[in-house]
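As given in Swiss-Prot:
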- 1-226: region 'Pyrophosphorylase' (REGION)
- 9-12, Lys23, Gln73, 78-79, 100-102, Gly137, Glu151, Asn166, Asn224, Arg330, Lys348, Tyr363, Asn374: UDP-N-acetyl-alpha-D-glucosamine binding site (BINDING)
- Asp102, Asn224: Mg(2+) binding site (BINDING)
- 227-247: region 'Linker' (REGION)
- 248-449: region 'N-acetyltransferase' (REGION)
- His360: active site, proton acceptor (ACT_SITE)
- Ala377, Asn383, Tyr384, Ser402, Ala420, Arg437: acetyl-CoA binding site (BINDING)
Amino acid sequence: MNNIHAIILAAGKGTRMNSTKPKVLQILSNNTLLEHVLSQVKTLCNKIHIAYGFEGKQVQQKINNPSINWVKQVKQLGTGHAVAQVMPYIEGNSISLILYGDVPLIKRSTLYDLINKTQQSGIALLSVILNNPTGYGRIIRNNKQIQAIVEQKDASNMQLNINEVNTGIMAINSQLLKQYLNEIDSRNTQGELYLTDIIACAAADKKTISSIISKNKFEVLGVNDKVQLAELERLFQKDQAIQFMKQGLGLKDPTRFDCRGTLTFGQNCEIDVNTLIKGKVALGNSTTIEPNCIIKNTIIGNHVSIFPNCVIEDAVIGEGVTIGPFVHIRPQTHIQTHAKIGNFVEIKKSTIGKNTKISHLSYVGDSTIGKNVNIGAGVITCNYDGVNKHQTIIADGAFIGSDSQLIAPIKIGKNAKIGAGSTITKSVSENQLSVSRTKQKNLKYRSKK
């Protein structure tokens, strides 16, 4: 493609958001609105320019991209004024692609087509047909040729009946853009410089104005308040879920699935309702996730079964593992193949060996547990002394009886056994049985008189 400059307008405060953050930093599926736009243009353009205003330092710090040219719009005097602030940095022999930081679902493929149209005609608009066009600038045509764009507040009653509207997104030869920006004025109800007025200038100049009518109205929707943001989130999530399903992922209900990050998966994977994926998550083949689970930054192997109401964060789960229900696996945990983690178990910063079972009501923290170990119900690794965390090591084949406490730092040897109800404060050697209990007393029961 020719020399392409992206101009992203991101100066608005977003008053209706009622937020200390500027509108373009509101979050949609784990990324800011502006980051969504940038992700679609970064491979299309030679240079990206962002016109910023409200809380500009906050915006720049969040994006943190030194290759972007940041241009301050001191006064918000309209879209034409915003673009004019950027023009000193635009090369004449180029195409300017103009976008908005609060229109986050625009597709790269649409922008690619728009640029191609511009290379043929010099100007190309992106429009959309809406059943209810209220609030949008109308596309005015004469014999199918675009003549102007009229904003809602300046439109006549006849023009208000038009349902083809301007999305604001356009591509234009940069020399023409500079020329027509010098020809527009602020004689309108808003007293602003409308970027859309350059279309009337081009039509008067007998220029052919091309257009693409978006087939997907959702990709050109803007965001003005938290209600619209939530609506757009649902549209984004459903569209993403459908794409996953087309790639082979089984989703019980695509409207009740959220991926706020990236998800890769093998064949025959099934995810039930109300599952949230965050960060980078990878699923192997034939893995199932049942309802109400949260999976974050985790690698999950083949043939893993995750039962309802589990939270798994920053972990590695080996092949054939079963987890849940009601399990919390915290960061830096590695569960090796065919281990079983049962209901109401919490594991933190630990390695759980092959074929090991932790079936009920246990806490395991800062521990290394070998293979073929059985951890009974209610076992606690007491890893914190009030100041420091300490490690528990349990070797292969050990058996830890129910309701035992292991006071770290401690090591339980290979094939050792801990009797139920014990509090173990000293390490136990290989093949030893350790029991720590007070002597049982059976006292005569005295009934009340």
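Cβ coordinates are placed from backbone N, Cα and C, and glycine is handled just like the others.
Long-range C-beta contacts of Leu9 (UDP-N-acetyl-alpha-D-glucosamine binding site), restricted to its own chain and to partners at least six residues apart, with a cutoff below 8 Å, comprise Ala51, Thr79, Ala82, Val83, Ile98, Leu99, Tyr100, Gly101. Residues Ala377, Asn383, Tyr384, Ser402, Ala420, Arg437 are recorded as binding acetyl-CoA; their most distant pair of Cα atoms lies 22 Å apart.
Among residues of the same chain six or more beyond the region 'Linker' (227-247), those with a C-beta under 8 A of the stretch's C-beta atoms are 17, 26, 28-29, 104-105, 218, 221, 254-255, 257-259, 263, 265.
In terms of local Cβ density within 10 Å, Asn383 ranks first among the binding-site residues Asn224, Asn374, Asn383, Ser402. According to DSSP, the region 'Linker' (227-247) comprises 20 helix, 0 strand, 1 coil.
The highest number of surrounding Cβ atoms within 10 Å, among the binding-site residues Gly12, Gly78, Gly101, is found at Gly101.
Checking each of the recorded positions (Gly12, Gly78, His360, Asn383, Ser402, Arg437) against Asp102 (Mg(2+) binding site), the C-alpha distance stays within 10 Å for Gly12. Considering only the binding-site residues Ala377, Ala420, the Cβ with the fewest other Cβ atoms within 10 Å is that of Ala420. Sequence-distant neighbours of Arg437 (acetyl-CoA binding site): residues of the same chain at least 6 apart with a C-beta under 8 Å from its C-beta are Gly419, Gly421, Ser422. Within the same chain, the residues at least 6 positions away from Glu151 (UDP-N-acetyl-alpha-D-glucosamine binding site) whose Cβ sits under 8 Å from its Cβ are Gly137, Asn188, Gln190, Tyr194, Thr196, listed in sequence order. In the predicted model, the region 'Linker' (227-247) has a mean pLDDT of 96. Note: the Cα of Arg330 (UDP-N-acetyl-alpha-D-glucosamine binding site) and the Cα of Tyr384 (acetyl-CoA binding site) are spaced 16 Å from each other. In sequence order, His360 are the recorded positions from Gly12, Gly78, Asn224, His360 with a C-alpha within 10 Å of the C-alpha of Ser402 (acetyl-CoA binding site).
Here Gly12 (UDP-N-acetyl-alpha-D-glucosamine binding site) is compared against the recorded positions Asn224, His360, Asn383, Tyr384, and the shortest C-alpha distance is to Asn224. Distances between the Cα of Gly78 (UDP-N-acetyl-alpha-D-glucosamine binding site) and those of the recorded positions Asn224, His360, Asn383, Tyr384, Ala420 are shortest for Asn224.
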